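*Asks:* Handing you this structure, nothing more for now.
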């Protein structure tokens, strides 16, 4: 047993000894500051236009509903993150309750999301700068979507990512202090912008031009993911991931989640959205009045709030906003680079990556993880270096990990009832089921193009599990793992190449691609066969853990099918209306939650933690005598 040197009330299990070297230097204000830094980055600069282009004035409801859904989705983490305050707990949680394969798949998905976040913040900063200074040659348009150019734009983004790495390598204290100072600035500027926009408010924009919801009720929900709303509320998990470096995690984490993760972003984004809608000038945008879908291709697309301020008569403040537009995403990217490193570190603690990823420098920073995250993040600048294109992909990747929250809590209640729970969620079954279903809906609303690309990357983790995780856990030999992994990898690459959707620069299908239904069937077959072969080839312990994770691919494939049924890409007609499809996803989500909660197992890792905590309580009782 190890007791953390600075927080005596937290015992670490034998498999997580490296946590004892993490430095607990982040206080409550710094946790809130990190949350604000994460959430007020790229989204506040571009999401008001992106969301309006998807839902019209009803984008206001998108923010409100998004806030409500995230409140529900965050509920299970209030209990779990305080009961198990570990660095990267959002990655390590499934390992405690469902075993190594689910831990790896969740960790792989979350790691990919975190690695793509620094590039997307760099894209946002350079989009604003390039929009105001076109001679820099940073931007061009592809299929009506603003993207970075090669070489100017992409090399500038790569340079920013390297800066994020260099600042992170010098330690968590610098990361926290940077966030704390900048957070005040990042709160102040959006509030001032929102107030100034209200001085030129045109209420007709909310009732004319197609009415309040010109694209229908379903657009309100679809805009949550592809409009950047989900991206704006992603700090809840981030706060939980810093539990291993918090001074007093069991007290500070829930406060930071509620204030920094929910209240502050909702108030700021709602004010900005209303102000932006009220100041829209169709003529200045170069868009026909009422053509909400054309906003992303209009003259304001690169720097919407700077243009909105100019129309409102406050062009002078646009200079300050432009400075913030470069600084705010950059600081957020800096924070996300730190999170990506800690996520990779957590995957290594889980045994899903080699131990070298746990190496810390003298500042207590997982330096090797940061190096690898920096290198991999560069690849996400291709082939579609656009904030508008990437935001749905990243947002959905983040939400997939929220699917785990409810089942993790319910399984821990059953397998580890003895652990200390500073917060005990009332009506846990209800809140956990609601959180799981809400996550399923958000994933479904991401849409067909986003899910095809994201799930291709996500299930690419299966060959990696065969190559490394299975042999590492002793489920089967390296030879067997190599055969399974190679066959799965070849099939996966062939299917992705033939799909016509994967890695397209726009949302147009490549000529000669597979029929969508054919692709869905082959996609399901490849995942199911790989999963089944892994199960058959494994020993008893491996089969137990692989079976415990089987609910995840079934749930995600359901959302892919549902997204196809309502897809209208390239002029297709919906095969089923949104209401019925949402009902199918809700029903599937309930069944998925029951399956996931009942399939959880008592793992060696959670038993280790329970034993360590029991020893700690005994030691503390002895000292007080």
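Glycine residues also receive a Cβ, built from the backbone N, Cα and C atoms like all the rest.
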*Asks:* For the annotation transmembrane segment in TrEMBL, which listed range does it cover: 5-25, 26-46?
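*Replies:* My reading of TrEMBL: the transmembrane segment range is 26-46.
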*Asks:* Looking at the candidate ranges 346-363, 580-597, report the one that TrEMBL labels transmembrane segment.
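*Replies:* Residues 580-597 are the ones TrEMBL records as transmembrane segment.
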*Asks:* Would you mind telling me which of 150-170, 297-317 TrEMBL tags as transmembrane segment?
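*Replies:* The listed stretch tagged transmembrane segment in TrEMBL is 150-170.
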*Asks:* Have the transmembrane segment (221-240) and the transmembrane segment (252-280) got at least three CB pairs under 8 Å, pairs 6 or more apart in sequence?
*Replies:* yes
*Asks:* Could you give the residue numbers and ranges of same-chain residues that sit at least 6 residues beyond the transmembrane segment (365-384) on either side and whose C-beta is under 8 angstroms from one of its C-beta atoms?
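*Replies:* Tertiary neighbours of the transmembrane segment (365-384) are 114-116, 118-120, 123, 142, 145, 147-148, 154, 157-158, 161-162, 164-165, 168-172, 337-338, 340-342, 344-345, 348, 356-359, 390, 503-506.
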*Asks:* For the transmembrane segment (451-470), find every same-chain residue at least 6 residues outside the stretch whose CB is under 8 Å from a CB in it, and list them.
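*Replies:* Here the qualifying positions are 100-101, 104-105, 108-109, 112, 351-354, 393, 396-397, 400, 443, 476, 480-482, 484-486, 488-489, 492, 496, 499, 501-503, 519, 523, 526-527, 530-531, 534, 537-538, 542, 553, 556-557, 559-560, 563.
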*Asks:* Cβ pairs under 8 Å only, please: of the recorded stretches 26-46, 58-78, 252-280, 482-505, 580-597, which one is richest in them relative to the transmembrane segment (546-565)?
*Replies:* 580-597
*Asks:* Using a Cβ cut-off of under 8 Å, list the residues of the same chain at least 6 residues beyond the transmembrane segment (150-170) that approach it.
*Replies:* 118-119, 122-123, 125-126, 130, 136-139, 178, 330, 333-334, 336-338, 341, 361, 363, 365, 367, 370-371, 373-374, 377-378, 381-382, 385
*Asks:* State the non-local partners of the transmembrane segment (58-78) in its own chain: residues 6+ outside its ends, Cβ under 8 Å from one of its Cβ atoms.
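*Replies:* Apart from its flanks, the transmembrane segment (58-78) reaches 48, 51-52, 90, 212-215, 217, 219-221, 223-224, 227, 229-230, 232-233, 236-237, 240, 253-254, 257, 261-262, 265-266, 269-270, 273-274, 277, 399, 402, 405-406, 408-409, 423, 425, 428, 431-432, 434-435, 438-439, 441-442.
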*Asks:* Using a Cβ cut-off of under 8 Å, list the residues of the same chain at least 6 residues beyond the transmembrane segment (482-505) that approach it.
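*Replies:* Non-local partners: 142-143, 147, 383-384, 389, 448-449, 452-453, 456, 459-460, 462-467, 470, 511-514, 519, 522-523, 526, 530, 533-534, 537.
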